[in-house]
Structure formats: structure tokens, C-alpha cells
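What follows is a set of notes on a single structure, which appears directly below.
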Amino acid sequence: LYALGCFLFVPAAQIMTYGAFLACLGVIACGLSFLETSANTYSSLLGPIHSSTQRINFSQIFNSLGVISGVLIGQVMVFGENDPSHEQLLAMPAAAADAARHQMVGQVVGPYLIIGSVLVVLALVFVFIKFPSCKGTPSQQQQLPTESMGPTLKRLFAIPRFRLGILSQFLYVGAQVGVWSFTIRFVQLVQQGTSEHSATYWLLASLVIYAVGKTVATWLMNRLNPALLLGTFALAATALLLVAVFSSSMLAVYALILVSFCMAPCWPTNFGLVIKGMGKDTQTAGSIVVMSIIGGAVIPLVMGIISDMNGGNMQIAFIAPLVCFVYVAFYGFWCVRKGV
């Protein structure tokens, strides 16, 4: 599905409508959801239960490297500093504006074709290489009684750690997407006169610090309770967002960039805490956790509404992710108190 979505950018570039590109991204999102569910759950099962959260954190280091690569590809291969803005396109003659739009869309297709081709190769690798099974032998699986989804969901949602963890992941993903989505506008608001292209480097700095945070958090997993680590990092993110919201100097930008360091262990650690010890329900639990990423569509919308209510002030809108991190910190410390 991921590769198919990438290849669909070719006909979408010919159609040249928002709906066509949105459909491509929808297919890609479906593919990524399957990958996220299977890869994270597999990482948690592939070894001792007590170190499952550490394994997920380690695997997520490569996720952050991919995010950084995506921004670099966007800067180098897709977006150019000399690309005309929306206002400039409106001021151009119709023929020149159409030519400029086709050129910019053409810049998008190439990277997606490369990514799609790499994914096809990876899919073939997974077909021909046998990976260790975490489900037991086929005969053992046949001996397990089949069960409908209803009782499984009822059993899972009867567990407080699962219910609270789903909400924590929902709010965290919303906070993460909101922080990164509006970093560029935040920088332009605080540092007047900064171009969008220049502000992108601050976003890139956030992602690099995020990758560093992943490495540090994975190392700390050997020494600290994962739940304590989650609570501490989320609490630090809350403090930094307070500075980002209420400071009027470049200190606000620096604080916002450091929030990415604190976000590093949140997704994988929260994921590991939610599915830990779920036994035969682990895969279902993992898929529900991944579904909670819908928070990434809700919280940025809330931030936009807050900004509009305050005359377009994007800085005050970061109150929303601040509140999200307060809850994530609560969940981490709650798990510590429960001995998870």
C-alpha cells in the first residue's frame, strides 16, 4: 500500500487536483498504519517482556532518521527557495502560472517514485527472508480457540492501563504533529522577517535533536523505569512549552526546539506500556494504539482554532500541546505508581 501510494503520484501529477494528491497520501497512510502496527508489535514480542519497551525505542531511532531524511529530500529535491509563492502565482499570466505549477508538481513525483521503488525491493526481501515467528507453530495456532473481536475489545478496555494509555497516545501524537506542523509559523512570528525557507532549518534542527533524544532515551532505558522516563520527559516538555508560549524573545524558539528532545521517547514508550503483558491480545492492542494517531488530526485543528480566536497568534496556540503533555506525564507517573 505504501509503495502503491507513492506510484499513484504519477497520475495525480497529470490530474493536478488537491483531491488526487490527498487520495495518494491516504493510500500511503494506510500502508504506514499496517507497517507501524506490525513492526512495533513484532519488536515488542521479539525477546523478553521486561525489555520490550527498550526494543521499541531502539527501533524508533531509525524512524527519526527517516523523518530527517524526508525534510532534507523536501528541501533539496522538492522545494526550492526560488519557487513562486501563492501570491506570486496569482500575479502571473495564466500560461506562466500553469507552467510554474506543473514544474513544482514535477519536482514532487521523482522522490516518490524513488521511495516506491525502494519499498518494492524491501517487500521482496521480506518475501524471501524468513523472520522468527512470535505466534508459535501453525499447529499450535490451530489449537487456540477462535474468538470474535467483541470479547477481545471488552477484555482490553476493562484494563485501566490500556484505556488511559490510548488517550495518552492520542494526545501525544496530536501534540507532536501540532508542534512540528507549526514550528515554521512560530519561528516567523517570534523572529520577524524570517522567510519560510529559512525557518525550515529550525524544523530540521528540531528533528535532529529528536533523533539525539531517541538515542539518549534508549540508553537510559537500561537504567531507569520506562514509565518514569516517559513521565519525566513529558514533564520537561511541559516546562519548555511554558517558556515557548510566554516568552517574547528567541528563548521561545530555543525552548520549542528542545521540546523535540523531550518528545523522543514518548511514542514508543507509551506504546510499550500499553501493550505490555497483553498476551494473546497484544496484536489487537497494538493496532488500537496505532489507531490513536488520529490525535494528529485533532490537536493541530484545535491549535488553529485557538490561533484564529487570538488574531492569528500562533504562539498562544501552543497551549494545546502543553495540556497534552501534562496528561502524558500523568500517565507515565501513574504507571510508575502501579508498578508497570
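The backbone N, Cα and C atoms fix where each Cβ goes, and this holds for glycine too.
Automatic, uncurated: that is what TrEMBL annotation is.
Look at TrEMBL and you will find 15-35 (among others) tagged as transmembrane segment.
According to TrEMBL, the feature transmembrane segment maps to 56-80 (among others).
What TrEMBL lists as transmembrane segment is 109-129 (among others).
Beyond the ends of the transmembrane segment (164-187), by six or more residues, the same chain brings 194, 196, 199-200, 202-203, 206-207, 234, 237, 244, 252-253, 256-257, 259-260, 263, 266-267, 270-271, 273-274, 288-289, 292-300, 302-303, 314-315, 317-318, 320-321, 324-325, 327-328, 331, 334 to within a C-beta distance below 8 angstroms of the stretch. What TrEMBL lists as transmembrane segment is 164-187 (among others).
Taken from TrEMBL, the feature transmembrane segment applies to 199-220 (among others).
Annotated transmembrane segment per TrEMBL: 227-246 (among others), in sequence order.
The transmembrane segment annotation in TrEMBL covers 252-275 (among others). Sequence-remote contacts of a segment are chain residues at least 6 beyond its ends whose Cβ falls under 8 Å from one of its Cβ atoms, and for the transmembrane segment (252-275) they are 40-41, 44, 52-53, 56-57, 59-60, 64, 161-162, 165-166, 168-169, 172-173, 175-176, 179-180, 183, 186-187, 190-191, 202, 205-207, 209-214, 216-218, 220, 226-227, 229-230, 233-234, 236-237, 240-241, 243-246, 282, 285-286, 289, 315, 318, 325, 328, 331-332, 335, 340.
If you look up TrEMBL, you'll see 287-306 (among others) marked as transmembrane segment.
Per TrEMBL, transmembrane segment is recorded for 318-336 (among others).
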- Message: With Cβ-Cβ distances below 8 Å as the criterion, list the same-chain residues six or more beyond the ends of the transmembrane segment (318-336) that contact it, or say none.
- Response: 161, 164-165, 167-168, 171-172, 174-176, 178-179, 182, 186, 225, 227-232, 234-235, 237-238, 241-242, 244-245, 256, 262, 266, 269-270, 273, 299, 302-303, 306
